[in-house]
Amino acid sequence: MVRNYCKFPNKFTLAVIICEIIILVFFGVFVRYDWEVGMPKPLNKNYTEVHAKETAEEHVEHYYSLFQDIHIMMFIGFGFLMTFLKRYGFSSVGMNFFIAAFVLQWQTIIHGWIDTFEYYETLIESDFAAAAVLISFGAVLGKVSPIQLLIMAAMEIVFYEGNIKIVIGYIGATDIGDSMTVHTFGAYFGLMVAWVLYKKEVHDAEEKEGSVYQSDIFAMIGTIFLWICWPSFNSGTAVDEGRVRAIVNTYYSLTASVITTFAISSLVDKKNRFNMVHVQNSTLAGGVAIGSVADMIIQPWAAILTGMVAGVVSVLGYKFLTPYLSTRLKLHDTCGVHNLHGMPGVISGLGSILAAGISYPYLYENGLTKIFGDEAMDTSLNYRAGMQAACLGVTLGIAMFGGLMTGAVLKIPIFDHPIGEQIFDDEDYWIIPVDESHHRPAVDGEEMGPTFSKI
Amino acid sequence: MVRNYCKFPNKFTLAVIICEIIILVFFGVFVRYDWEVGMPKPLNKNYTEVHAKETAEEHVEHYYSLFQDIHIMMFIGFGFLMTFLKRYGFSSVGMNFFIAAFVLQWQTIIHGWIDTFEYYETLIESDFAAAAVLISFGAVLGKVSPIQLLIMAAMEIVFYEGNIKIVIGYIGATDIGDSMTVHTFGAYFGLMVAWVLYKKEVHDAEEKEGSVYQSDIFAMIGTIFLWICWPSFNSGTAVDEGRVRAIVNTYYSLTASVITTFAISSLVDKKNRFNMVHVQNSTLAGGVAIGSVADMIIQPWAAILTGMVAGVVSVLGYKFLTPYLSTRLKLHDTCGVHNLHGMPGVISGLGSILAAGISYPYLYENGLTKIFGDEAMDTSLNYRAGMQAACLGVTLGIAMFGGLMTGAVLKIPIFDHPIGEQIFDDEDYWIIPVDESHHRPAVDGEEMGPTFSKI
Amino acid sequence: MVRNYCKFPNKFTLAVIICEIIILVFFGVFVRYDWEVGMPKPLNKNYTEVHAKETAEEHVEHYYSLFQDIHIMMFIGFGFLMTFLKRYGFSSVGMNFFIAAFVLQWQTIIHGWIDTFEYYETLIESDFAAAAVLISFGAVLGKVSPIQLLIMAAMEIVFYEGNIKIVIGYIGATDIGDSMTVHTFGAYFGLMVAWVLYKKEVHDAEEKEGSVYQSDIFAMIGTIFLWICWPSFNSGTAVDEGRVRAIVNTYYSLTASVITTFAISSLVDKKNRFNMVHVQNSTLAGGVAIGSVADMIIQPWAAILTGMVAGVVSVLGYKFLTPYLSTRLKLHDTCGVHNLHGMPGVISGLGSILAAGISYPYLYENGLTKIFGDEAMDTSLNYRAGMQAACLGVTLGIAMFGGLMTGAVLKIPIFDHPIGEQIFDDEDYWIIPVDESHHRPAVDGEEMGPTFSKI
């Protein structure tokens, strides 16, 4: 049995302290309250115009409850969704907590450097960035050490912010629910990292890759909070009627993906039983698939159709594509983020090309510029559709390139890539309560943590 | 051992797909965004007058955080409350998820047909309808197949919308927290379904009807989120000062039912121990019992008194009435919805008769019409009290009639009524992780789902 | 084996009923709706001025979503945080539920008597009071009977309200996030109660004091909801830009304490593993430590620094100080509230002395009086700093004195202090499902509750 925990820990602590000191210095020099408002200034182009005269308290009323929903998605949603692994629950919810908190600070720096220093307190934007990293985490869950995860997060944010600067800032695409910039980006970035880090050993750990009855119910806490709060994610930075549409469209798309997930999950099982993996994940695909077009005028029926397609594609992905990728392409995707975020994100991008292609100004009355930006009235349908296509292509390219680079860095031996029994197992990373009846048997003579986790 | 799962699944998938196509066509033909506002338009009569000049963003600020609370109640609250069953957790939280999502779409159609096409995007109203179905689900939990549940939901919504049209639309009663139209209706509908479907076998499955230590804690997640969000349920469609009163009254009634639940639960046990069933359910009775009068001027002391009475009645119901109904009347009520929703809902209806009977106009200053409708100033105290009594009576009648009809339909053999070991057991309906130490032993040579639920 | 449950229960029921009747009478005589607004009127001095013309609905929009977050903290947050104990989960979440609901009513009476009858419907203030009691509960968790807990809550609220009257009302200190008046107060009050009630037996129950794998994950539900909702706690009663600053500062402080908690937790373990106790608790220390200064102009970097210091102090406290207090000073602190609430609360008080000492009027432009009260422009920096110091000192004094008095009362034998096997064990207080594989083995011939907790 090979154990490398004697090497890892001081490195982790050291790396965290270095990062945190950089962050502290940066904040000390550059970050101040925004006097007029003080909180999340979305990147949305119409922000200044629309909210210029908002007082501080109006600002809180306008954003805060949606912001809190998005926070619940990051910390409860993603954290508990990943607790399905029977022996990796502490790491799932714990490292999710750590990484999300780290990104909330780190993104502020990177965003300041890459974009401008103007939007420092964009707390909602920081949550979106955390989502991208947590999606990538899903692809490598159980197969990276804490320090690898920290480095992945730090690097991913650079590529993520660069991509946003290009596709939203320069190209001028619209992606209100971040289905391309967050979901597609996070998924393909994580998949490339997983592909580079692939080790045959992961198949030996298949027994640990499963769930137990209770861990599947814990995961449902994550699923359902993600599902409930998703309309806030897609509408958080939308304005005026666009915000209402983003809520309504996301709501209908999500209900449709729940319904089709159950129908198809039952269909693809020999005994027509439901599969918890599908219920935990594919039910959310509608929220991803509607994201890029959520504030556009697509009507509720199109939102339902989008959710149905996403649910079907996602379940079929879990059933047929994930095993294929794992065994043939050496692409092991622990949480199946390709099925929940990757493909539905691409669907959303394609949908946004279509919706932009029919974005006739009369449809939007005088609201076209609120969706497509100030210059929208001067562009053609084809131009607007083209920009959406460019956004999807560039995002896929940067995500995959960034993932490959990051994977290569993580392979450096100093970062303690988990091996053998460390895969899908909390034991080397957490003090585990001894608990003989509950999946945490003591292993051959190894010293365990104390019985009570108190001291 | 009789297994009928070979027959059930294609039916379920087929039925779901048919329903979803109907919904999609209907939405495509009839449902459009509401240009001015776009989201939940409550049925409240004063709605148009009060909010006519609201912008889209004001609308979001006015409703959205309450709407999200109600969503939490439907999906987290009801879903986890039912996970107390030791071998039925997947179905409890999973089928709750499916049925609620289905009703959110289905109610839009039925509401459109029965009422008008004007209120299509009434998302809060859809959640209320989901609540009625989920309450009925509680009465038959563990004793119906997925396709039976789908049909029950589809039929119940028809009766539910018909009842609302009659008691609110025609009779003109007031029921701000839906204690009659949702809680009483859902409970007695479900009880009648349970009564029609009663099989002696259910008593043989008593061992599976219990909880385990962890499943009772999962259920508390549901209880507490229901408890926290209940003021939003009762105030969601209230206006002006009535909304504040609905929040404050519900809050005090709920605290009182918690306090009396603990006191009486301890009292009725021989060893004076607390009973988790009471704590999970009777603590919420105050939220139901205050519902119909929540926005009226009853003062906090009356809210506290209402909560106390509801808590006592509910605990005594679990202790004495439920076993009696089960053994003598062949009325088996899995979650005891009669004690949580049925009797407290009737208490609320009676309370609303009383409160309407003393609804002197001077008490409400100029607010009487906001509670009792535009024509309230032209009606007498007796008239207003009479309308509340009519509402309670009609609701009970339609609920019981609807439940009997629905139960009769569900008895048709094609709908795979669970038998024998299928009762209170996920095993035939879900792929279950093999987990020897945790209440899911493999049963005599039967083939199990894969160890890891991933593929 | 000594069992005293035959004596306890009627007492508990009797005590609860007496309290509830007192409350009901009091509400009947004194409490009425506030006609203009109706809901939480914070004690904040600028309240009337700022919100005088607010309508009822604006009031809901202004407070309600933050109030709901704080409610989540009290009932989900504290309730589940304490479920880490392997055999005390029912009491943790159940008694938390009961005590919090009781305080929400009881505080209204005591607040009315001690302060004025003007602020009756201050629902947010009631939640703050509940927080103080729940923190004290953490110190004595598993070591007090239900009736002891009820009496502790009833007495603590008297000292708590008296302290607030003195330090906020008379001294005029500012403590927007209640780090001194709630966290410091609750922690030192509870520690003194624990010290008076100390019994050597508690060390014999060490085996039960630990967690199991799943109970640690349940506790994370509490941790993360506390973490997410903490900005609402600290900003709930703040006004204008101060509210935005309270949100932003708390957010950054909390992220910083997460990051340093993981770094230091790994550092202090021999094998550099993370410790769940630290992750469950110390990650929240930043929310406490920033509380007293959250609405002041300290800039984000100072918030991050505060969170870092709090995280480090808290982890070191769990690692070194808690065992020392327990073994040397006979001060057994079950949840380590000294590390999560006590020391971080003192840090916050010290921070507020410092921040008041540099509260130059030009820094706040015309906002100084919104933080330090109407007379702030007439006081010196030293005076303002002195008042903060007085607040910290007086709070510590009253908390410790109140805790000692309360502990002495709880020692009266009639209150059934838990002994022997009752410590850290639900068994005498709850009907427990028989569940052989799951940490609830039947003990030598003792009669158990029914297998199914239904009847």
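Note that Cβ sites are derived from N, Cα and C of the backbone, with glycine treated the same way.
Unlike curated entries, TrEMBL annotations are predicted automatically.
On a predicted model such as this, the values are computed, not experimentally measured, just so you know.
Look at TrEMBL and you will find C:12-33 (among others) tagged as transmembrane segment.
The feature domain 'Ammonium transporter AmtB-like' is assigned by TrEMBL to C:56-414.
The feature transmembrane segment is assigned by TrEMBL to C:63-85 (among others).
Within the chain, the transmembrane segment (C:97-114) has long-range Cβ neighbours (under 8 A, six or more residues past its boundaries) at 16, 19-20, 22-23, 26-27, 30-31, 74-75, 78-79, 120, 122-123, 125-127, 129-130, 133-134, 137, 146, 149-150, 153-154, 157-158, 161-162, 165. The transmembrane segment annotation in TrEMBL covers C:97-114 (among others).
According to TrEMBL, the transmembrane segment annotation covers C:126-142 (among others).
TrEMBL lists C:179-198 (among others) with the feature transmembrane segment.
Feature annotation from TrEMBL assigns transmembrane segment to C:210-230 (among others). Cβ atoms under 8 Å from those of the transmembrane segment (C:210-230) belong to residues 69-70, 72-73, 76-86, 89, 250, 254, 258, 276, 279-281, 283-284, 287, 439 of the same chain, restricted to positions at least 6 beyond its ends.
Feature annotation from TrEMBL assigns transmembrane segment to C:250-268 (among others).
Look at TrEMBL and you will find C:300-321 (among others) tagged as transmembrane segment.
Per TrEMBL, the feature transmembrane segment maps to C:342-363 (among others).
Within the same chain, residues 136, 144, 148, 151-152, 155-156, 158-160, 162-163, 166-168, 171-175, 180-181, 184-197, 292, 346, 349-350, 352-354, 356-357, 359, 372, 376, 417 sit at least 6 positions outside the transmembrane segment (C:383-410) and bring their C-beta atoms closer than 8 Å to a C-beta of that stretch. TrEMBL lists C:383-410 (among others) with the feature transmembrane segment.
In summary, the transmembrane segment (C:342-363) lies against the transmembrane segment (C:179-198): three or more C-beta pairs, each 6 or more positions apart in sequence, are under 8 Å. Counted as Cβ pairs under 8 Å, contacts with the transmembrane segment (C:300-321) are highest for C:250-268 among C:12-33, C:63-85, C:126-142, C:179-198, C:250-268. Comparison of C:63-85, C:179-198, C:250-268 by number of C-beta pairs under 8 angstroms to the transmembrane segment (C:126-142) places C:179-198 first. Under 8 Å from some Cβ of the transmembrane segment (C:63-85) lie the Cβ atoms of residues 39-40, 92-93, 96-97, 100, 123-124, 127-128, 130-131, 134-135, 137-138, 141-142, 208-211, 215-216, 218-219, 221-223, 225-226, 228-230, 232-233, 235-236, 276-277, 280-281, 334-335, 424, all in the same chain and six or more residues away from its ends.
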